[in-house]
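Notes for the one structure printed next.
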């Protein structure tokens, strides 16, 4: 209580508290700040910065002059140095303060971490370039070796072909050709005569059968209805083998045209083995199952696979346009 400074501090705190309360109770209203005022403030800030830069330049100039003066004083005798020791102390203190003021506004660059894999030094760059050159040299050397090797292979193949051709020409002999057709001309002539007589006889029989069929057709055409029915009763047509009924969606397998004298004839086979008389229209594997009991969506080929079809069979999906001209 006896200290005047403490009393002034307490009174200032009480006054500040009252001002804060009054400011808190006052109703705030929006203040409109014109752009002109903002521009004036910005201009003032720029002028202050320029003045600061001028002051910094002036301080730097003074520091340089003091440093030059100090160098000159060091060349003087020791007696003069002792007399001016106090002035040097003051100059040093001013130099320190000025240097502190000079570097207060310097912006420090933020350090950025560079990974080791991305660091590129001169030694590393030279090493990488040397490795690339070595790889390029190795590639060129391999290409040259491959080219030489290919040329050697081609030359070797040509040489082998020439040797084979030469051996064939040397080993070739006219006596090796089979020219014994004229050894026994009598037997060859008799065999040809038998073949020619058989061919003539076969052609004559075919012509006679064709003429006989035409005459029979003409005679049947000239018959009356009663005569024709009597002739059909005495000469019935050969019964054709009934075609087996296939199952629903049964797969078709061709019987094959090999080892058959007449592929169009269903029962014609050359051999007597049972495999030649097998009925290839019989169902096998999945075709033995009755597919009519399956749901409609499953009555397609390859159901459930990517290559399935949306058609069951052609009869069910007949798209013929009968109204077309």
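Yeah, the Cβs are placed from backbone N, Cα and C, and that goes for glycine too.
The structure displayed is predicted, hence computed values, not measured ones.
As given in TrEMBL:
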REGION    37-112  region 'Disordered'
COMPBIAS  46-55  compositional bias 'Acidic residues'
COMPBIAS  56-73  compositional bias 'Basic and acidic residues'
COMPBIAS  74-103  compositional bias 'Acidic residues'
DOMAIN    98-319  domain 'Micro-fibrillar-associated protein 1 C-terminal'
COMPBIAS  222-235  compositional bias 'Basic and acidic residues'
REGION    222-245  region 'Disordered'
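Taken together, the residues in the domain 'Micro-fibrillar-associated protein 1 C-terminal' (98-319) have a mean pLDDT of 80 on the 0 to 100 scale. Secondary structure by DSSP for the compositional bias 'Basic and acidic residues' (56-73): 18 helix, 0 strand, 0 coil.
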